[in-house]
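*Asks:* Features from TrEMBL:
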- B:Lys213: active site, proton donor (ACT_SITE)
- B:Gly9, B:Phe10, B:Gly11, B:Ser12, B:Val13, B:Gly14: NADP(+) binding site (BINDING)
- B:Lys113: NADPH binding site (BINDING)
- B:Glu198: L-homoserine binding site (BINDING)
- B:9-137: domain 'Aspartate/homoserine dehydrogenase NAD-binding' (DOMAIN)
- B:145-322: domain 'Homoserine dehydrogenase catalytic' (DOMAIN)
Number of protein chains: 2
Amino acid sequence: MSLKVAIIGFGSVGKGVIKVLSERKDDKFQVVAITDSKGAVLDDKGLDLADVLKKKNNGDLKRVNKSSMDVVKECDYDILVEVTPTDAKTGQPGLSYIIEALKRGKHVVTSNKGPVALKYKELKELAKKNNVQFLFEATVGGSMPVFNLMRGPLAGNEINSIEGIFNGTCNYILTRMASEGLPYDMVLSEAKELGIAEADPTYDVEGIDTALKMVILANSVFGMDVGLDDVDRVGISSVCLEALKLAGEADMVIKLIGEVHPNGEERVLKVSPRLVPKTHPLAVQGTLNAALIRTKLAGDIFVIGKGAGSVETASAILSDMLYIASLQ
Amino acid sequence: MSLKVAIIGFGSVGKGVIKVLSERKDDKFQVVAITDSKGAVLDDKGLDLADVLKKKNNGDLKRVNKSSMDVVKECDYDILVEVTPTDAKTGQPGLSYIIEALKRGKHVVTSNKGPVALKYKELKELAKKNNVQFLFEATVGGSMPVFNLMRGPLAGNEINSIEGIFNGTCNYILTRMASEGLPYDMVLSEAKELGIAEADPTYDVEGIDTALKMVILANSVFGMDVGLDDVDRVGISSVCLEALKLAGEADMVIKLIGEVHPNGEERVLKVSPRLVPKTHPLAVQGTLNAALIRTKLAGDIFVIGKGAGSVETASAILSDMLYIASLQ
């Protein structure tokens with residue numbers, strides 16, 4: 001039997017999810033609702049996703065007058081796919097949607113970093129109490145598997161620490177500065193033109209995005225109880241060409257590295273530009289993300305992939321959905 | 001309830017498995033039999049693994065006079081962990097043990113490349129017919145997850161191709177030759193002294209080990225039906241210092257790359273030394289392994305880890321065992 005899916009949010013990630021689901025040849029999932037700020041499209045028997053996507057792109061999608069919260073509270077679905085934008089301070093509106101769905105005993109899959117970073121413990125407990133899954137692979141590293149890697153292939157391993165490059169925008173800027181010898185401001189402008197950086201790039205370049213991801217990892221993997229303010233955070237705007245040049249002469253590169261190491265006095269929870277040898281597996285280029293997961297048995301495991309992108313993020317969401325399907 | 005485990009083979013990998021299981025704090029698994037060429041140690045109620053390991057290392061382990069095949073055929077267990085050495089030509093003796101266990105309706109987890117490379121299709125069908133699992137994560141890439149990565153975190157992704165470095169011995173030799181400017185023979189001698197290369201290194205340096213792994217990937221991931229002779233194979237013994245020097249001047253390195261690409265005219269099944277840019281994620285150093293999995297949705301995913309080692313290989317075996325436990 002198909003699992004009924006409600007998708008809250010119809011931006012880049014929502015579109016990716018709908019595209020990916022529309023191309024699946026099995027009937028594991030049936031999308032019964034899609035909402036955005038303008039209303040909802042609903043069909044109990046399953047929406048024609050290709051048609052919805054076409055109309056959305058043409059700007060002639062007909063919605064009914066129901067809010068996202070109406071759908072979360074009233075609609076008949078098994079999995080809520082919550083893909084609204086991240087608000088790092090309040091987690092809203094995603095946080096309220098997630099709470100409502102979990103209370104109703106629905107599984108939740110989200111790409112929204114706000115709710116997970118702010119309320120991981122409460123949400124996980126609420127999910128447990130209601131005997132449903134609360135999954136968020138897409139919040140860290142885009143298509144690069146992190147949580148699912150630790151749950152499945154690295155199961156049985158004690159995880160000692162996690163560090164890596166978790167923001168493609170910063171990695172692009174630092175890579176271009178180093179390879180072309182161009183100053184920060186010039187590369188940032190270029191990144192904005194290419195759509196790699198936002199018009200207001202603060203969230204990325206000041207390391208806030210990476211810090212949120214470290215909070216999610218700290219709380220969910222290591223059972224810590226920390227927030228954004230607990231992260232020792234420095235962004236990349238102060239990285240100068242001279243520093244990159246000196247690094248290059250020593251066969252090093254400068255990368256914005258996030259790190260979580262949970263243990264006692266060695267405890268580390270930080271985001272900062274750091275020197276990485278050019279030959280080190282974390283020294284990936286362009287917009288790539290890279291994570292080093294230090295484990296007790298398997299040793300150091302690196303995983304590298306695209307940290308962003310509509311379909312790539314949808315791939316992470318799909319892996320969570322398939323995990324839920326495998327439990328049925 | 002615990003799953004009963006019989007371990008066939010008490011070499012480096014078997015020891016690793018026993019060490020890892022002895023340190024687990026739950027009772028998911030209970031080892032009821034361990035065999036080697038000298039006999040078997042048995043206990044229906046579960047062996048004291050720390051004690052067995054100590055006695056094995058001290059050389060005073062008392063065995064009963066039962067062969068591995070006796071244990072496979074007669075003993076009461078749920079999972080057979082088959083960790084005897086690889087024979088690339090016959091797959092024996094592991095192949096017979098695996099067939100017997102599957103016929104008896106027992107799950108099988110193996111690190112033995114021979115049986116999987118030679119008889120994947122038959123063994124998988126036999127497992128399916130008997131409604132049990134046949135898993136072999138440890139055959140490719142040691143602790144680096146490959147099969148479990150594709151089954152779990154990359155589930156839902158079409159895999160387009162797989163390539164990478166799958167032999168730590170070759171990677172060590174090529175890395176040392178390039179970084180120190182030393183000739184092949186000298187580095188090979190050094191690798192033998194360090195225990196990184198076997199006394200007879202043919203299996204590794206001629207690319208046979210990598211080719212076996214490509215056969216396993218080809219048959220199990222892409223549904224091909226190929227054998228060792230179908231692999232277009234060149235080893236590293238002919239890589240000269242001059243070639244490494246020229247590569248270095250072009251910011252490249254030479255790596256022994258295995259590749260499987262299943263599609264029609266582009267079909268590739270080969271192992272050969274190839275140029276890789278120094279900044280490419282596959283350009284890992286020392287004994288590391290690295291795989292590039294090209295997927296439809298998630299894009300290019302790289303995974304890097306230790307390709308060998310007693311506990312590292314045991315970690316891969318444990319992940320298969322935990323997957324079986326998760327299905328109970």
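Easy rule for this one: first residue shown is 1, then count along the chain.
Glycine too: its Cβ is placed from the backbone N, Cα and C atoms.
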*Asks:* Let me spell it out: for each of the recorded positions (B:Lys113, B:Lys213), count the other Cβ atoms within 10 Å of that residue's Cβ, using every protein chain shown. Which one has the most?
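*Replies:* Sorting the candidates by Cβ neighbours within 10 Å, the top entry is B:Lys213.
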*Asks:* Around B:Ser12 (NADP(+) binding site), how many other C-beta atoms are within 10 angstroms of its C-beta?
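*Replies:* A count of 17.
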*Asks:* List the recorded positions among B:Phe10, B:Gly11, B:Ser12, B:Lys213 whose C-alpha is within 10 Å of the C-alpha of B:Lys113 (NADPH binding site), in sequence order, or say none.
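*Replies:* Within 10 Å of B:Lys113 (NADPH binding site): B:Lys213.
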*Asks:* Taking the domain 'Homoserine dehydrogenase catalytic' (B:145-322) alone, what is its mean pLDDT?
*Replies:* 95
*Asks:* If you draw a 10 Å sphere on the Cβ of B:Gly11 (NADP(+) binding site), how many other Cβ atoms land inside?
*Replies:* 13
*Asks:* With helix taken as DSSP H, G or I, strand as E or B and everything else coil, how many residues of the domain 'Aspartate/homoserine dehydrogenase NAD-binding' (B:9-137) land in each class?
*Replies:* 56 helix, 23 strand, 50 coil
*Asks:* Once near-sequence residues are set aside, which residues in the chain of B:Phe10 (NADP(+) binding site), 6 or more away, have Cβ atoms under 8 Å from its Cβ?
*Replies:* B:Ile18, B:Ile34, B:Thr35, B:Asp36, B:Lys56
*Asks:* Pop the Cα-Cα gap between B:Val13 (NADP(+) binding site) and B:Lys213 (active site, proton donor) into the table, whole Å please.
*Replies:* 18
*Asks:* With a radius of 8 angstroms around the mean position of the C-beta atoms of B:Gly9, B:Phe10, B:Gly11, B:Ser12, B:Val13, B:Gly14, what other residues of the same chain does the NADP(+) site pick up?
*Replies:* B:Lys15, B:Gly16, B:Val17, B:Asp36, B:Val83, B:Thr84
